[in-house]
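The structure appears below as structure tokens.
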Amino acid sequence: MTLLDSDPTLSAETPPADAAPARRRPRLSLGRFTGVVVALLAVCVYLALTQPVFLSWGNITNIVASNSVILLLALGATFVIIGGGFDLSSASALSATGMVLGLALQAGMPAWVAIASPILAGLVIGLVQGVLISYVKISMIVVTLGFMSILASFALIVNKGATISVYGAPGFDPVYQFVNGTVGPVPVLMIFDAVVLLAAAFVLRYTAFGRSLFAMGSNPEAARLNGINTAMMVLFVFLIAGLAAGLAGLVSVGRLTGAAAASDPTLLMTAIAAVLIGGTAFTGGEGGVLGTMIGVLFLGVIQNGMTLSEIPAFWQGTVNGAILILAVGIGVLRDRGIRLRRRAITTRVG
Amino acid sequence: MTDSTAPFIRLTGISKSFPGVRALDDVSLDIRAGEVHSLTGENGSGKSTLAKIVNGTHQPDAGTVEIDGVPTVITKPSTALALGIVSISQELTLAPTLSVAENIFIGRMPRTRWGTVDWDRCVREAQAILDDLRVHVNPRTAVRDLSLELQQEIEIARAISTNARLLILDEATSSLSEAATDRLLEIVEEQRDRGVGVLMISHRMPELYRSCSVASVLRDGRLMGTVPLPQTPEDALVRLMVGRDLDDYFGSRDVTPEAVALKVTDLHTLDGALLPTSFEVRRGEILGVAGLVGSGKAELGMALGGAIPSAGTIEVGGREAAITNPRQAVDSGIGYVPDDRKGQAILPNRSVAENFALAWRGTLSRLGVLRVREEATLVRDGMRRYGVVAANENVRISTLSGGNQQKVVLGRTFARGCTVFVLSEPTRGIDVGSKSQVYALLQEQVAAGAAVVLISSELPEILGLADRVLVFHRGGVHAEFDAEGLDEETVAAVAVSGRPQTAAA
């Protein structure tokens, strides 16, 4: 089993209850992702044929770079959703941490302080939310909805609603190098994304924390009765979400060469859509970051394709929404289809 | 038998397959009006599948269904409802936030002539139905404010108010106390006398012998026979169910209780559900805990398992254990198995392996990184050792039968290497064969020196396994018996009244 392999329980298609153990079906290597991956490839083939520029290295790195912010937010959301929760504040947290970085750079702080500042801010945001949810015991929807509003407002307040341009700020060069630099032909950001993705996959699959997270998302009471400290787990999950938002803030400022005061409301929806398209269940306890990566890529490629094909950006929301419903719907139909097909087989044999 | 009445429903040659398993194989069955027909057999024998064919959830692959002598195809649940076939299962289907009256008339609320809901009539008619069943609740009460048992009665009230002709009770009593079961059976018998046919799925013997006139036994999807009740003796019925004698149903152990493993002094909860309770359990001993639902016996388990806050002292192996959360219970060597398997024990959408591996949560890792290979070996060993039957360890636990799920839950608790096990309703909702296996596992643990607190609503199980029995009534222990020579009546008398039977003395 490779590190990035899908969640085994998602793809294990096995006969129900006490059936003959002899009939073990070979596993589809892509499991539940098959539909999305096939669709992604189909779109890529179509774009490759109609838009020659699509397959160029420049365009590919552009897709990766322009979707890094979404990827980071979506990875944070994957942890939260697997744990059985949700976080409405992530896009606002991104704006807030971006503004923190912007202020730090504007104030002429050294690069390492500036780079640390959004990450630290993200962790603080996660910590406060986690404590309110786990220990003050305010409901998750209330806390994250409240923070969505507060953090968006914070981003506007700190610079009176104006974007902070950091171009030419003394500490900005390392940030810029990080976001736009390359190692040979490979963008630093692409390497960074891969490392974060691998780390997240490792944590989910091979650590006690990851295992406990799935357990909590699947059945919080069972997790608790087996000695998992669920309050602490929720706190950790929000620290991870905060960290993800901080990193996203860093990347965002690097790409825009400025910190935008107004938060983009579509970011949250796109990130969550990517998580769900990637097969993570909204009900918690199943899913993974490989799926999330595929979800992000899928939405990213579609957007790229639309830009290349000169389709007005207004259509983006329609397309994203339709893809979300289709992807999750096809997953449902596919599960049902397998059941129907197997029934047909057994009827013939029996 | 010469039949005086034609059957309400006649099933002929019903077969049904699911992927990899033949659930029903050529089953024929008649259910008459005014008769309680028991359908029994081990879990996985096809009882529920048959019930679901009758109520339209599943379609048979072969065979015919006749209703009042007319061949009928029941394609969906609403067709069955229209024909007067109503099912009640242990899973409640009430809307918790709606009132009792709304739940009774859900989907068919009485209307005024303006087309709006006629609330007065709704409440009035609900009241009439409740009065008829002698269920004393206000129809305006929200269902979630009622006890589980009352909710079950509301469910029945709804079923009956639709003018049911066939009532299917699919393990409807499995989560009820004896008193509530009694009430339910009374209602069922009343409906029977009014001419309703009843198909009762249950493996509780006393219920079968009390209410049913016929029992059909399924094994591996085949009908093993339809026998009259109560003429057929219990052992003959069990033999039909499992295909062998259950000489040694509860098993036995050869061990003399030694040192005190668990000493509880004045343990109580702050809400008064559990009054100060003191007792000891030795290694190699099973302490049975009996009592009605709400008697505090379940809370005793939860308090020992750290699931609810409690006060008092708990000593495990002579060392005082401060148990304020489940983790401390686990760390101090108490293995607790809660009574609600689905709600509190299993991770439904995770694999059997991950469910089992909860046993070693935290300990089988190095610097937070799981030792995956070691874990996989231990899981496979555990599944073999505790007799878990599954296609492989990666299937979702929810695809297993209740008995196998429970073996995973018990197995992972045993695998923790605790000395004290607190098991709350360890055989709830599992079939006879699995029960027997669970008993054997339990005996094995005790023989190896474990101390067990066995909390159960099933008296035969307590009497068959325990060395001593505590009887709870209204939050506290009202009697302690030596299990040797103890009979059910003696225990039941204390459980119901709080006092030992005077006549039996």
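Backbone N, Cα and C define each Cβ position, glycine as well.
Taken verbatim from TrEMBL:
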- A:1-23: region 'Disordered' (REGION)
- A:33-54: transmembrane segment (TRANSMEM)
- A:60-81: transmembrane segment (TRANSMEM)
- A:111-133: transmembrane segment (TRANSMEM)
- A:140-158: transmembrane segment (TRANSMEM)
- A:188-209: transmembrane segment (TRANSMEM)
- A:230-253: transmembrane segment (TRANSMEM)
- A:265-282: transmembrane segment (TRANSMEM)
- A:289-307: transmembrane segment (TRANSMEM)
- A:313-333: transmembrane segment (TRANSMEM)
Residue numbers, six or more beyond the limits of the transmembrane segment (A:265-282), whose CB comes under 8 Å of its CB atoms
6-7, 10, 31-33, 36, 69-71, 73-74, 77-78, 81-82, 86, 88, 90-92, 94, 148, 288, 290-296, 298-299, 317, 320-321, 323-324, 327-328, 331
Which residues, given as numbers and ranges, are at least 6 beyond the ends of the transmembrane segment (A:140-158) yet have a Cβ under 8 Å from it?
85-89, 91-93, 95-96, 98-99, 103, 125, 128-129, 132-133, 234, 260-263, 268
With Cβ distances under 8 Å as the criterion, find the stretch in A:33-54, A:60-81, A:111-133, A:313-333 that has the most pairs with the transmembrane segment (A:188-209).
A:60-81
For the transmembrane segment (A:111-133), find every same-chain residue at least 6 residues outside the stretch whose CB is under 8 Å from a CB in it, and list them.
87, 89, 93, 96-98, 100-101, 104-105, 139-140, 143-144, 147, 151, 170-175, 178, 234-247, 249-250, 253
